[in-house]
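Undergrad: Supplied in structure tokens, the structure appears directly below.
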Amino acid sequence: MADGMSSFWGPVTSTIECCEKNYAYSSYIAEFYNTISGLPGILLALIGLVNAIRQRFEKRFSILHISNMILAIGSMLYHATLQHVQQQSDETPMVWEILLYMYILYSPDWHYRSTMPTFLFLYGAAFAAVHAYLRFGIGFKVHYVILCLLCIPRMYKYYIHTEDTAAKRIAKWYVATILVGSVCWFCDRVFCKTISQWPVNPQGHALWHVFMSFNSYCANTFLMFCRAQQRGWNPKVKYFLGVLPYVKIEKPKEQ
């Protein structure tokens, strides 16, 4: 919602703006709430990264948590500046991250080990170049949704083959957070004119960021549990401060 105010970053060049008044609190931050709402994503990804490194999970999970942090930082830069270049730092990592999820989900049953990561890497690089040049709008959203849908069958397979109640609960939280977050995003996008007339803006897009931070953490934790089961590491779900779930494993001595 550009309001013509002067700003440190200059005129808005991004193709998307959210339902939040620009530069309401600082000339350096275009969308204040949409910017600070990226902090939970960084914190949760950092917690997951520390757990993955401390217990010597496969490097793919460390990379996954780092990609979550990169995405959160890119999102913060985008909403703080509303510049097209920073918009790319938000949207391109979204695609890279979902490609990494696809690798983690499907690689255990992929017989040709080098073909999948090579293809996904080249696909991600090609997308970044094309997206920067063509500036996809609705096409980006459709493309991203299709990639997400390709992950669902495998996630469901992991869910039905997991007997641990606590792990299943994490998967249910994954579904719940993405559903609630999507409703917040949809309302912020579609009903912005109505919301703008309310005494208080509920900041639906910022809530989307918060819910998706927990969504990513739940997805990562559930996948770490499933992978540990595949490797015979006797995984168990524990709770940090009695609230935040994480996976504790017991590797055989030879590993």
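Placed from the backbone N, Cα and C atoms, the Cβ positions cover glycine too.
The feature Ca(2+) binding site is assigned by TrEMBL to GLU20, ASN22, GLU31. What TrEMBL lists as Zn(2+) binding site is HIS79, HIS205, HIS209. Residues or ranges marked as transmembrane segment by TrEMBL: 32-50, 62-82, 171-191, 206-226.
Show me how these features fit into the structure around them.
TA: Around GLU31 (Ca(2+) binding site), the same-chain residues six or more apart in sequence whose CB sits under 8 Å from its CB are GLU17, CYS18, GLU20, ASN22, HIS79, ALA80, LEU82, HIS205, listed in sequence order.
Other Cβ atoms within 10 Å of the Cβ of HIS79 (Zn(2+) binding site) number 28 in total over all chains.
Packing against the transmembrane segment (206-226) from elsewhere in the chain are residues 20, 33-34, 36-38, 40-41, 44-45, 47-48, 52, 57, 61, 64-65, 68, 72, 75, 101, 104-105, 155, 158, 162, 164, 167, 170-171, 173-174, 177-178, 180-182, 184-185, 188, 235, 237, 244-247: each is 6 or more residues past its ends and has a CB under 8 Å from a CB in it.
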Undergrad: Taking the Cβ of HIS205 (Zn(2+) binding site) as centre, how many other Cβ atoms lie within 10 Å?
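TA: The answer is 24.
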Undergrad: Who are the long-range neighbours of the transmembrane segment (32-50) in its own chain, taking Cβ under 8 Å and residues 6 or more past its ends?
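TA: Sequence-remote neighbours of the transmembrane segment (32-50) are 18, 20, 24-26, 61-62, 65-66, 68-69, 71-73, 75-76, 79-80, 203, 205-207, 209-210, 212-214, 216-217, 220-221, 240, 244, 246.
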Undergrad: Other than HIS79, HIS205, HIS209, which residues of the same chain sit close to Zn(2+)? List them in sequence order, counting a residue when its Cβ is within 8 Å of the Cβ centroid of the site.
TA: CYS18, GLU31, TYR33, ASN34, THR35, SER37, GLY38, SER75, ALA206, TRP208
